[in-house]
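Report on one structure; see the data block that follows.
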Amino acid sequence: MRRNDLKPFYLAGMLELCLLAAPAAHAQTSATRQLVEQGNYWHDQGRDDLAADTWKKLLGIDPDQPDALLGLAQIDLAQGRQSEARKRLQQLEGAHPQSPQAQRLRVAIGARGSSSAGEDSNLRNARRAASAGRYVEAARSYEAAFAGKPPPPNLALEYYQSLAGTPTGWERARDGLRRLQSSDPDNPSVQLALAQVLSYREPTRRDGIAQLRTLAQRADVGGPARSSWRQALLWLNAGMADAPLYQAFLAGTPNDAEVTAKLGQLRAQRTTATTPADPNGVLLGEGFRALSANNLSAAEQRFTQVLRARARDPEALGGLGSVRLRQQRFAEAQELLRPAAAGNGKWRNALESARYWQQLQQAETARARGDLAQARQLIEQAVQLLPNEPAGHVALGDLQAAGDPVAAEASYRKALARDADNAGALQGLVGLYSRQGRLQEASALFDRLPAAERAKSGGQALLRSNVQRARARQFLDAGDAVSAQTELEAAMVERPGDAWIRLDLARLYQQAGRPDQARSVMDGLLAVHGDQPEALHANALLAQESGDWQGAYDSLDRIPAAARTPAMTQLRATAWIELQARQARQLVAQGRVGEAQQLLARTDTALGNQLDDPQLLAALAGAHADAGNTQRALVLAQRLVTGASPRIEDRLQYASVLLRAHQDAELSAVLRQLQATTMTPEQLRRYQGLRSAYTLRQVDALRELGNLEGAYDALSPVLAQQPGNRDAQAALARLYAAAGEHRQALAIYQQILQRQPSDLDTLTAAANSAAAQSDLRDAERYLQRALAQAPESPDVLAAAGRVYRSAGKNRKAEQYFRAALAAQQRQAGQLDNGLASARGLAAVAASGRPLNPFSGMTGAMPRSPAMLSERMAAGSAYNDVATAPVAYIAPLAMQPGAARVATAAPVNAAADLSSDALPQPVRASTVPSTLPAPSRLRASTHGALPAVSGSDLQPRNIAAQALSARSSGNSVLDELRAVQAENSDGLAGGALYRARDGEDGLGRLDDIEMPVQAEFAVGEGKLGVTLTPTVVDAGTLGTDYATASRFGTGPQSAIGDALAANRGPIDTLVDSPVYQLLATEGDTAATRERLRRYALNTGLFNALLVENNNSTAAALAALANEPLPAYLLSINASNTPIGQLARDILGNAALSEQLGAGDAAALRALAGSTAAAQQTPTGLADTLNAMAASGNGSRRLSQDDTGVGVGVRYRNGGFSAELGSTPIGFQEQNLIGGVGYRGELGDTVSWSAEASRRAVTDSVLSFAGAQDARSGRQWGGVTSTGLSLSATADNGLLGGYANLAAHRLQGNNVADNDHRQVDLGFYVHALETEHQSLTAGVNLTTMQYDKNLSGFTYGHGGYFSPQDYVDLGFPVHWSGRTAGQTVNWKVDASVGVQHFSTEASPYFPTDPTLQQAAYDAASLAALLGLVDRYTDPVYASESRTGVSYNLSGAAEWQVAPQLFLGGRLTFNNARDYNQFSSNLYLRFVMDRLGAALGRAPQVLASPYAAEH
């Protein structure tokens, strides 16, 4: 039932309007009166259903019966049917407008509507204060509502009633009521109120009694008037003359014991007055009168005086025994009453009462120490002794309420059967019904308590606050936290000093994400009641629920040991254990595992027999689990569940240890078993906490494996059931962050911070999300809020370091990491947290030891592979649940004044949960991980982008996903080292050798480089300077024409050197018969002689001799007339172009027929040579002779160069820039460098962009340039200028990447070329252990060059430049390090298939003249026989498909703390060459802290290599 539903009845009770009745407008018949009483009875019993039936019967007799209309309207209001209640009021006002029933209903409806109809807040406060008995406050609020005016008629009555209760307002109240009576003399409400007020003071009490006696005879207000009449008689300081007043009351109520006793006292006074005085008798009389007046000290004094005179006087013994009874000194009472009863039987009942109450007292003591069985036995014995005494039944009901609400209700009902107004029974039922949701019945019973009994049991405020508190629990069960908060706040107003109400409210604030409000509620309690054990206990409970074990311990330590209950003692011991666990975790975090285990071992010893307590045993087992000693934790935890049927409590304890030990498989099974059990609400709360923590851990594990979808599926039931759960919302935010949705993640963190603005974990997480969006300003704002709260927190300081590191501010990150280490050291230096010395238990704590600055440098104790994230291993939300106490949410049944309200009824766990199944454990802690630890997975994406270069096209190196950096056992120290490794100054030097196969002087390459590198931290970045002496050598170019013609100026230069070396080809040509014919000079004797010799050789001349009868002269004459000789005699052939001669001769059959065998072919060869055809025979001979004369037959064309490269590089976070030159001293020198940026999109995606100008190092020509000594021409020194974009996605298990590149290649006297490249790859992390990592994948590379410039002639670049290239490779990366972590290595291997094709390309793409000369020279070379056949001076097209492979291995050894020796070997056949490379280097780190073996060998690479 809602608080507002009961408010009108509280108000009516305060006004006592429920007791008012005006004169009836009609006479009731006896049947009607019987039905009215029956309806009221059922209403008082909380059975509104039966009351409604009765009142409806009344309306069947009389449709306007006022009591029936009022009763049904009250039920309507209680059940929220306000409109129905108003209809009944209209009917009542129409039939009986002046009746008390109508007035009462108007007040009830008005009070109810006030909460929603804008009632004056002063009036509302006045009524609330009056109902709580705070009359001074109520009067002030009324007067504020009246604004200085007289009270209005509708409020005057309630105002004067409140005013009468104030110390100075009684007279004004009396006078005001008299004025009301004079203005409305027939109003029974005013008459009753005035009579009551008169009875409050002794001078007017008899007048009030007379008026109340008269009013008691009325049918309408008789009941309340009689109650007030009785109370006034008990208050009256009566004399013998007042006996008739008591006789008049007893005439109507003869069985009233107290009034009868009061009359007996008056009669005794009369007897005493007429009997001679007996001193002892007088003393006895005075003693009994004092006892009757509850003046126990006076009574004790009188009875003691009598016993001094008559030691065995039964009356004195009985009287003093009665005093001891009232003093609750029941054992002494028995000793006194036993002889009294023996002397006078009338004291037997008192003796039994003493025994009875002593047994109940002993039962309460047993219950307080937790011995419920003994308590039950004692209570049952007491009930058997006095079965009609209700207190025993109430005590039994209190004991049963926690586990058997049905039996408890029966016990309370038995008590009420013996005393219908018994406060304990009524209060017990109120609490029981409230917890069962029967709030209407609880409220009805609450209203039944008379004022005197309410005062006896603690007052109306206590009872009302208990109902409000129980109603708050009901609202919480229904998910209505707002109404629950309203009820608890109202309860706190009623009883501001009640520690348990404040604790309930503080818990509600805590759950609502308002820890500051929760703390304020408890601080308000401690400010007033800071020395009360209950207040300190409640404060300790809130502290432990918040994870503040230090605060819990300190609160409990302020309670004197003698005042601690068993629950307090147990909680204090548990808090101490948890503090030891925290210290152990700090030691483990610093890599001091041995010290942590020693600390807990001493804790075991110190606890001794206390480990028989399951709560302490579970706490200690959890501490071992936190320290990483899972085996010891499980051994201890097994003791909780030994036996055939472990208790639910012990199984919950066991589950909490499994949670802390990360034994998820077994934990899942235990939780499923518990789901089918019946638990108390407190046990169910803890079960739900364990279940949620387990589920959230699986969510995080799935997230860190990259299975975001599965993680959300596991999380969604928790979000649905607990939408306000901070840990569930934080898990959802982490899912968004993992998906790269940092904006959404930050929005969730902001929602959490609206409710919990001081939540450190959320503040640091929000800072990370803001930093991930490059919003450093917001990130810093969150960090400053966190640091303002916890400036010495190592976690917060480390989080700040991580944020600044991610933002590239390494210097600032280093400062925070150093501060975090210092904070850790301060904490570790106080291992006992100040708990040692005189406190016993904490004396076992080990003393702290300063942080070892050399920790981890030469190898730390091996640690188990991390199964879950650092957050899960260290605690946070999961361990908060696991370490939460299991018996310290103080059940209200243990709290004085609230015992009956708070009784917990058992609940079935399965009934309280949805049908959603628990997620399966993602991985068991006992199975070695074959996957990377989550922290490594996130780190692995950094630096994972494959390098892209126009000159380095080997398969993408997926090996960048390397092992995590060497661990020291302290994550903060590791991160500081990582930052220092980036910031530290360093020197490195080494030698690199690279060899490519190829032709000497052309494609062959031997490259030796000796880089010396120095790096210095500058601001937030790092500046590097490199000097690289370099030697390149391609060997000596061969002098044979076939080789020499493919270098420099090509065939033209090559043919001269070939002829100079050997003139035979010239002589052979010039001396050939056909060439001699062509060298004739017309009709000369020399010509005729050459013709004769030629004809003689061909046989023509012999034929002419025969024809001319062997006449030589005739034959010579005839020869001159032959076609060919006649043609040659007719022209000067030596000065005629060979081409023209060839056309004339070969084009005339008559002429060509006279050529000798083979001479026609020779002539055709001459004519086919472009160089020869255009020259005359004389000119060609001269040309050839000149070539031979100008050539150098012994020329050696060595291709080598030396120089020193210089370079400067700056890096700051993701930004990098470099500027340098190719080696100075090379023939061609170029400025090179680049600007790049590397960024991240979430935790799984990284990207980079670079604009660069790089040297192309494929050959001596492309790298250093070349000069053709034959022609003096220089060319080469190629650079590749362009843009590259890369992206990598890696979820820790699978990854993929894509690279795009576009470059223009340019060189001195080299044709420009454009290059485009695309790389795509996919890989899987196949193995990830503490010391090894194995990654395998597939890579596809495609690229194109516009031109084929792979040649070495003038205008070519000497670099591989296919027009199409495709490589499909299957790379594997294996990296690792030794167990001692002094040597690391990485091996990369790939095998695949490559295909490329090149188009034909002229020897001289930039110079047509040279190209033409090359054609001429090539034809002459063929003509002269320098080559087997003529070949065009063009590089032929090519298409090739084959196997590609790549094998690379690197290792690094830490030979000294700051000195590293490393090397690498590489073999590959990628592209169109085979290559081998090796290097050896030394690396020295200036900063000792930053000198740690990295996650992979830091190979000193060539500044000109693509990987640089």
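Numbers here mean position along the shown chain, with the first residue as 1.
Cβ coordinates are placed from backbone N, Cα and C, and glycine is handled just like the others.
Here's what Swiss-Prot has on this protein:
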REPEAT    32-65  repeat 'TPR 1'
REPEAT    119-152  repeat 'TPR 2'
REPEAT    314-347  repeat 'TPR 3'
REPEAT    354-389  repeat 'TPR 4'
REPEAT    391-422  repeat 'TPR 5'
REPEAT    423-456  repeat 'TPR 6'
REPEAT    499-532  repeat 'TPR 7'
REPEAT    692-725  repeat 'TPR 8'
REPEAT    726-759  repeat 'TPR 9'
REPEAT    761-793  repeat 'TPR 10'
REPEAT    794-827  repeat 'TPR 11'
SIGNAL    1-27  signal peptide
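Counted over residue pairs 6 or more apart, the CB atoms of the repeat 'TPR 4' (354-389) and the repeat 'TPR 3' (314-347) come under 8 Å in at least three pairs, which marks the two as touching. Long-range Cβ contacts of the repeat 'TPR 10' (761-793) within its own chain (Cβ-Cβ under 8 Å, at least 6 residues beyond either end) map to 726, 730, 733-734, 737, 742-743, 745-746, 749-750, 752-753, 799-800, 802-803, 806-807, 823, 826, 876-877, 1240, 1242. Beyond the ends of the repeat 'TPR 11' (794-827), by six or more residues, the same chain brings 583, 586, 589-590, 760, 763-764, 767-768, 771-772, 774, 776, 779-780, 783, 786-787, 850-851, 970-973, 975-976, 979-980, 982-983, 1017, 1019-1021, 1212-1215 to within a C-beta distance below 8 angstroms of the stretch. This prediction places the mean pLDDT of the repeat 'TPR 7' (499-532) at 85. Broken down with DSSP, the repeat 'TPR 4' (354-389) shows 29 helix, 0 strand, 7 coil. When the repeat 'TPR 8' (692-725) is classified with DSSP, helix, strand and coil residues number 27 helix, 0 strand, 7 coil. Mapped onto DSSP helix, strand and coil, the repeat 'TPR 10' (761-793) counts 26 helix, 0 strand, 7 coil.
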